[in-house]
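**Q** Before anything else, here's the structure in question.
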């Protein structure tokens, strides 16, 4: 748009004299917008400036400048990071869950042949997430250096996850050749270093620096879908490859190690592609999909008692949801072997078929975020999970747990608690000041990591605890957090999206 000299002269007659400003660091476009805004205040107050989307279909940042450049810059509610970067994060989520679940169908048999017990098998399944919890703080320091100016450098934990997963799967596969039981555990502990990415999956897809409020719940639910797909694929491949190599006697490549070798190759390919194509969002001001980290002008922002209680509540929701999920997943091969005489291949098919049923339901639930609040999704998910546990408990007491109802109840419970825990980070980022967003991610991840470890151990020892005791334990803690949800109902109301 061209502006004639006469027009500018007329405009200057109406402008209020202002002290001369120093050149701003903002772009020329932002400066023109500021000039038009000042002019519209004096003469054309009815004129509104339209935000024009850029080439990436992400609206340019709108600035509010009251003479103080430190004011926070607002982000378009529909903004999102580069699509290829979202794809790499979701693919990492899928591969991480595959690494977690590939060992499920064969873990009990693998540990038994090397002299281990069912409880040790549960430890092998659950120990990686506990290691990820221990490595969480060093990874936070590594991914958030001072040079990043408040941004998280997501490429760093992504590449660390690749390297640690490759090493972990290598050691796990060589345990049979070495005939050393604890090498399985060491390999899974190396996998645990890579599982610190479980925090960054959620954080990247809800990061307020470049994810708009209308996109956060949708992307967070997509992550749950990715986890479901990864678990389905890992369980199926673990059982299928074990069956295909059942008669092999090679100490390197056999039914116990083939799934781990497969994942090693998959992580190598992913790491190469990640290094070439992943696009990092940096604090250089050139990427219009991001906003600058906010300057809080030194003002202390304290949490209210309600917000503190909410943080405790979110951690409990994460713990109890994943305790149920991980506990049942670890118990399926043992429970089904005792009741239905399932082998590793059949157990893997059971787990993967359940995930296959859940996946489209999780996908459909991603669209609910446009109409349903985060608290509504949590409520419906927990109601479904609790009902499934109640029915399973009754059938188990009556000794009438046939395989078909067990499959339906297991799938309903998994789906319910997956959806119930999906909007935790999104809910917190909508409620709390951005200063506390990293803290929220850490608290939720602590709950998840502890639950994955403790739940897997309890699931592996299901017959030591007794089946009734195990189901009742899951039901009791789920009811506890459900009561807390009702107590906090009015305090966690948020916008949809």
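Glycine is treated like the rest: Cβ placed from N, Cα and C.
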**Q** Select from 50-70, 155-175 the stretch of residues annotated by Swiss-Prot as transmembrane segment.
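**A** It is 155-175 that Swiss-Prot annotates as transmembrane segment.
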**Q** The transmembrane segment (378-398) and the transmembrane segment (468-488): do they have three or more Cβ pairs under 8 Å, with pairs 6 or more apart in sequence?
**A** yes
**Q** Near the transmembrane segment (309-329), which residues from the same chain, at least 6 beyond its ends, have a CB less than 8 A from one of its CBs?
**A** 101, 104, 125-126, 129, 231, 303, 351, 378, 385, 389, 410, 413-414, 417-418, 420-421, 424, 427-428, 431, 439-440, 443-448, 450-456, 458-459, 470, 474, 477-478, 480-481, 484-485, 488, 491-492
**Q** The transmembrane segment (120-140) and the transmembrane segment (222-242): do they have three or more Cβ pairs under 8 Å, with pairs 6 or more apart in sequence?
**A** no
**Q** Before we move on, state whether the transmembrane segment (180-200) and the transmembrane segment (407-427) share at least 3 Cβ pairs under 8 Å, counting only pairs 6 or more apart in sequence.
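**A** Answer no: the transmembrane segment (180-200) and the transmembrane segment (407-427) share fewer than 3 Cβ pairs below 8 Å.
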**Q** Are the transmembrane segment (86-106) and the transmembrane segment (155-175) close, by which I mean at least 3 Cβ pairs under 8 Å that are 6+ residues apart in sequence?
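**A** They are in contact.
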**Q** Let me check one thing: do the transmembrane segment (438-458) and the transmembrane segment (155-175) come into contact, meaning three or more Cβ pairs under 8 Å with sequence separation of at least 6?
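**A** In this chain the transmembrane segment (438-458) does not contact the transmembrane segment (155-175) - fewer than 3 Cβ pairs sit under 8 Å.
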